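According to TrEMBL, the protein has these features:
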| type | residues | note |
| --- | --- | --- |
| BINDING | Cys92, His134, His138 | Fe cation binding site |
| ACT_SITE | Glu135 | active site |
Amino acid sequence: MALRTILTVGDETLKKKCRPVTEFNDHLHTLLDDMTETLLESGGVGLAAPQIGILRRVVVLLDVNKDPEEVIELINPEVIEMNELEQTIEGCLSVPGKYGYVMRPTWAKIRAQDRNGNWFEREGEGIVAQCFCHETEHLDGHLFTEKVTEYVEVEQE
Ligand SMILES: [Zn+2]
């Protein structure tokens, strides 16, 4: 496994639409392992492949509600269901130090493939539902800053 560099806002790669994954091979598995290592090192909740310069529809995230140690791998993910939107505070590893109010569902269901290409569905609440939306938007070249209604000061630990 290897740590990858996280791109930050201003890098054009973050604005590009990612291609679907079609081959579930060693190359993909290495990417997933590297993304997991990079995510865990970053202290973030989710990471999308374009954030490390790879234009493929791949996301890793932590299910912080169930088991903060469990990394969920989402290949070709799509949010297929969500409940009503509520205002919440959000940030992004690619937009360091900036936090703002966005509208997100408090519950969402995602459909994705695992590292072997098997489709599955998974539900998430709160920050996990928020992360499903945030990370899939990265795959279409969108950043949360496009949705921010107001920036807020958040104390850093
Ligand atoms: Zn992000």
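Heads up, the Cβ atoms here are built off N, Cα and C, so glycines get one too.
Overlay of TrEMBL annotations on the structure.
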| residue | record | Cβ contacts under 8 Å, 6 or more apart |
| --- | --- | --- |
| Cys92 | Fe cation binding site | Lys98, His134, Leu143, Phe144, Thr145 |
| Glu135 | active site | Gly46, Leu47, Ala48, Val59, Leu61, Leu74, Pro77 |
| His138 | Fe cation binding site | Leu14, Ala48, Pro50, Gln51, Val59, Ser94 |
Identify all same-chain residues not among Cys92, His134, His138 whose C-beta atom falls within 8 angstroms of the centroid of the Fe cation site's C-beta atoms; report them in sequence order.
Gly46, Ala48, Gln51, Leu93, Ser94, Glu135, Glu137, His142, Leu143, Phe144
Per DSSP, three-state class assigned to Cys92 (Fe cation binding site)
coil
